[in-house]
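The structure under discussion appears below in the form of structure tokens.
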Amino acid sequence: MSEATTTLDGWYCLHDLRSIDWAAWKTLSSDERGQAVSEFLNVVEKWNDVAATKKGSHAMYTVVGQKADIMLMILRPTMEELNEIETELNKTTLAEYMVPAYSYVSVVELSNYLPADEDPYQNPQILARLYPELPKANHICFYPMDKRRQGDDNWYMLPMEERKKMMYSHSKIGRQYAGKVRQVISGSVGFDDFEWGVTLFADDVLQFKKLIYEMRFDEVSARYGEFGTFFVGNILPDEKVEKFLHI
């Protein structure tokens, strides 16, 4: 049996994507819509308070295309907190005019290839990646993925050293986009339908295409990568929520 990779796990992660039922939303009066928006922003303000204490983070984006209208990415120390956030949101008036489009549950993850005598949880750089403050980048790209397990192309049957070598080559491509693309990898084995979630942030949306296309030619992706649905969107600052929902 091949050796399993040890992982470092950080904050739990929820990607919550919803579509707006615009036809139903239009039936409300202007005052009713305003009250619903204010109620929602009060919930978001609670998230801001948590982020200010470094006990979680979140991001809010509009989604381009017909897969969804809005994407929320929430990071918290426990799965229970994610559940509480989702439930509180579902109880708002605005949620009555939202249709669930997609969700993904995972935990921020790093592969532990550090020396055995080093405690990774004492490394500030690693802690910043396990418990990240999500950037306010202009654009987001999220997609789930698996490692292939078919015939000779079975990632999990490869020796540890071979997997390490290929992942090192794979990561070199990503490092070329440092300063252009911020990446958050989250593990979801046993949590959701795929094995990982990949969330990318960038101010220049074209960098997503360039990075992912270049990685397609790397063996890790070309031979062993299997991908789910891609979602791409634009940042939705708190102060623009009312305009986004205005009729």
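One-based numbering along the chain as shown.
Every residue gets a Cβ built from N, Cα and C, even glycine.
Copied over from Swiss-Prot, here are the features:
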- Arg129, Tyr143, Pro144, Met145, Asp146, Lys147, His170, Gln183, Ser221: Fe-coproporphyrin III binding site (BINDING)
- Tyr143: active site (ACT_SITE)
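Cβ neighbour counts within 10 Å, taken over all protein chains shown, single out Pro144 as the most crowded of the recorded positions Arg129, Tyr143, Pro144, Asp146. Counting every protein chain shown, the number of other Cβ atoms lying within 10 Å of the Cβ of His170 (Fe-coproporphyrin III binding site) is 16. Residue pair the residue listed as 'active site' / His170 (Fe-coproporphyrin III binding site) shows a Cα separation of 17 Å. Max Cα-Cα distance over the annotated Fe-coproporphyrin III binders (Arg129, Tyr143, Pro144, Met145, Asp146, Lys147, His170, Gln183, Ser221) is 23 Å. Taking a C-beta cut-off of under 8 angstroms and a sequence separation of 6 or more, Ser221 (Fe-coproporphyrin III binding site) has the following same-chain neighbours: His170, Met215.
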